[in-house]
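Asker: Below is a structure I'd like to ask you about.
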């Protein structure tokens with residue numbers, strides 16, 4: 001504000017820095033989820049996501065080959081090979097290792113440990129090992145070896161594969177994704193059509209009770225939809241719609257109408273009077289005026305509301321839970337699927353993060369593509 | 001039938017039916033009922049114009065009445081009747097039963113906390129960011145990034161913040177940012193933030209503040225831009241410092257907008273359900289009214305008390321409703 005008076009503010013660096021800090025603070029949680037969705041379960045569980053770009057020291061539990069792979073060399077029995085190959089794990093340089101879970105860093109590479117059964121085992125940095133025993137080794141599984149290795153940063157798409165394409169119905173978001181889409185699109189388009197006609201009547205037609213109706217719409221804008229749950233569910237069950245897509249489309253249409261009418265009426269009332277009067281003089285019917293003049297001119301307001309309604313129906317949980325999702329769970333939407341994952345898979349951050357990111361990706365794309373209309377709609381809806 | 005096809009059909013039928021209704025009802029009105037010809041042409045045109053607004057309004061009014069106005073009345077009725085006795089009128093019994101439940105008072109207390117903290121913090125942060133970014137060359141990018149959480153669902157935000165609040169047992173490395181930060185600043189052991197009595201409410205509120213700040217910022221930023229330059233310039237000439245300009249010149253001019261932002265966020269807060277439901281489900285002393293109502297309606301299946309709590313939410317909203325209607329009517333004049 002100082003530069004109005006002709007000098008640049010000496011505080012401008014402070015302003016820049018504080019905005020950077022605030023923006024970073026605001027982005028930090030979302031970035032965390034995004035980064036986590038590309039990490040394996042092990043990585044998420046052992047290090048914070050902010051360490052993802054760096055090589056991390058990780059404790060791995062590996063096994064030597066099973067005793068049936070042993071070979072006799074002179075008077076000793078030997079199992080040899082590579083620890084990483086045995087388990088199919090990405091090789092990484094080992095720093096220390098151990099054979100007891102109580103002391104995983106007991107030995108340096110190249111040292112030799114002796115197990116209780118008298119086997120002598122040596123592990124090298126690259127994971128090569130050699131286990132010797134004076135007698136034939138027994139058992140079905142190999143000796144456990146705990147290694148501490150520096151694992152390079154690694155990102156994976158496996159989480160997305162599991163969440164989007166796996167057959168496991170509790171993890172799969174693919175069906176929920178299409179269900180959400182099925183709910184969202186009709187629930188966005190239908191209220192626009194219904195509201196546009198009403199908004200035109202309220203903006204450009206003169207009739208007794210018009211002011212009262214506008215007040216009615218403004219009042220309904222703030223009625224919490226919580227009140228509507230039980231009466232409407234009873235109504236839907238009573239007239240045979242039951243729980244299902246039709247019910248949720250109708251409910252979203254009803255709940256979205258006040259904002260739609262309010263936004264569109266405010267916008268249409270601001271259109272130039274001349275155009276409409278000229279069209280009337282030229283003999284256009286009200287229906288023609290509406291479809292040929294008002295609708296094309298109201299495009300920005302229509303877009304604003306469409307974005308609101310899309311975001312709101314896509315992100316909705318309550319209405320879907322009450323009007324759509326029945327006991328079979330066939331019609332679950334993504335928000336509900338995520339809440340269920342929070343219950344069943346509360347600790348599996350790789351699944352949760354990926355599922356959540358799949359569900360917020362579409363609104364984010366819409367948000368960044370259509371932000372202009374969203375802001376315009378917000379301003380029209382509240383500054384007045 | 002596949003739901004996607006069903007959805008497509010619904011769009012076609014829904015939109016088609018709407019357009020057909022509007023087109024044909026207008027045709028019937030103009031051609032059949034009141035044709036604009038013959039001996040009474042003038043009178044007929046006037047009559048048609050009196051009926052037409054109601055043709056345009058009918059579908060919307062019908063849906064509004066059925067889906068919003070009727071439920072208010074019906075919920076009020078349900079809250080005064082008993083479900084077990086076949087809908088007998090029982091006066092305020094549901095309300096007194098509700099008032100005896102400690103969970104209800106916990107929800108009321110928490111809701112009051114939410115009502116104070118969330119709108120206040122969101123508005124303050126929004127105003128701060130709006131003012132700071134006002135003359136920044138990259139201000140629009142900054143604003144767009146802070147606005148972004150608006151697009152994220154409450155459920156998605158809950159997952160995001162649960163990761164931030166995650167706690168691992170003492171000794172192992174923390175993967176939740178808050179605990180990592182807490183230990184880094186010298187905390188002794190990791191905290192399970194969401195079960196911390198009383199304070200866990202604030203950790204839930206942080207999620208909504210994070211979402212709503214962007215909204216407050218966008219509106220307030222537009223209001224700040226709308227302030228006439230002359231008033232600020234005059235203050236500078238008179239030797240006002242930046243703080244004085246902000247609090248004495250700008251704030252009073254955008255005060256009505258601040259009120260609008262505050263009430264809008266208040267409405268969001270009163271309806272907040274998803275965040276509490278997904279993060280704690282009202283356990284550990286974090287219950288709020290909307291989630292309490294959902295519990296009563298769909299878990300305990302007690303429609304009487306559930307409706308009573310819905311009416312409590314409605315009562316809390318009513319002052320804002322009246323204020324909005326009064327404002328709208330003043331504007332129309």
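Even glycines carry a Cβ here, placed using N, Cα and C.
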Asker: For the record in TrEMBL, which of the ranges B:25-44, B:85-104, B:145-164 is the transmembrane segment one?
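Answerer: Going through B:25-44, B:85-104, B:145-164 one by one, TrEMBL flags B:145-164 as transmembrane segment.
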Asker: Which of B:145-164, B:254-273, B:303-326 has the most Cβ pairs closer than 8 Å to the transmembrane segment (B:202-224)?
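Answerer: The listed stretch sharing the most Cβ pairs with the transmembrane segment (B:202-224) is B:145-164.
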Asker: Same-chain Cβ contacts of the transmembrane segment (B:303-326) under 8 Å, 6 or more residues past its ends?
Answerer: 72, 75-76, 78-79, 81-83, 90, 93-95, 97-98, 104, 107-108, 111, 263, 266-267, 270-271, 289-290, 292-293, 296-297
Asker: State the residues, same chain only, that lie 6 or more residues beyond the ends of the transmembrane segment (B:254-273) and have a CB under 8 A from a CB inside it; answer 'none' if no residue qualifies.
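Answerer: Those are 111, 114-115, 118-119, 122-123, 126-127, 154, 208, 212, 215-216, 219-220, 223-224, 226-227, 288-291, 294, 313, 316-317, 320, 323-324, in sequence order.
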